[in-house]
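Written out below as structure tokens is the structure these notes cover.
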Amino acid sequence: MGKKRSASSSRWLQEHFSDKYVQQAQKKGLRSRAWFKLDEIQGTDKIFRPGMTVVDLGAAPGGWSQYVVTQIGDKGRVIACDLLPMDPIVGVDFLQGDFRDELVLAALMERVGDAKVQVVMSDMAPNMSGTPSVDIPRAMYLVELAFEMAKDVLAPGGSFVVKVFQGEGFDEYLGQIRSLFTKVKIRKPEASRARSREVYIVATGRKL
């Protein structure tokens, strides 16, 4: 006999399947509702252009990568990484592994190569326990790693898009990003659930 679902997980499932973005994603054959978040960010911030090389961290199931390939065209390239498996997408070079593992990071950097990239984006999040004092530090660790990679591989003028959960360490992290980019915005896309602490920092114009 299966375990009874908790009230919170049952509520999440109910919200998930009644969510208009989930329904639209299913109708359009999209990987996830995250596609709509990035579409809204692109509409306001014009991050992606044809021919770009983009790094996608926390890529599975592929909503962001799926969106980006429509924006960067045949001459563009997406290098994606996730702990979870992801079905292939044309134009996406996917590496499955834990981004926190030095060997995985080295393999990812090898795929990036010597040329700088135009965008680093991260939708990474830890498995949430529901306890902010546990979840926020875990999430901040991931976004710090994403920022370190952005510093290493972004070309001058490049952009960084990162999901961050508001809480302890957020203001300090935002300050670090502002020191490296000429323009920094905080976005809460309509497709992001209102109850969620998540926001997206959109940083453009990586300084020399």
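Glycine residues also receive a Cβ, built from the backbone N, Cα and C atoms like all the rest.
According to Swiss-Prot, the feature active site, proton acceptor maps to LYS163, an assignment based on sequence analysis. Around LYS163 (active site, proton acceptor), the C-beta neighbours below 8 angstroms that are at least 6 residues distant in the chain are GLY58, SER122, ASP123, MET124, ALA125, VAL143, GLU198, VAL199, TYR200. Under the DSSP three-state reduction, LYS163 (active site, proton acceptor) is assigned to strand.
Residues annotated as S-adenosyl-L-methionine binding site in Swiss-Prot: GLY62, TRP64, ASP82, ASP98, ASP123. DSSP gives ASP123 (S-adenosyl-L-methionine binding site) a coil state; it is part of no helix or strand.
Cβ neighbour count for ASP123 (S-adenosyl-L-methionine binding site): 22 (other Cβ atoms within 10 Å of its Cβ, all protein chains included). Shown are the binding-site residues ASP82, ASP98; of these, the residue with the fewest other Cβ atoms within 10 Å is ASP98. Within 10 Å of the C-beta of GLY62 (S-adenosyl-L-methionine binding site) there are 24 other C-beta atoms, taking all protein chains into account.
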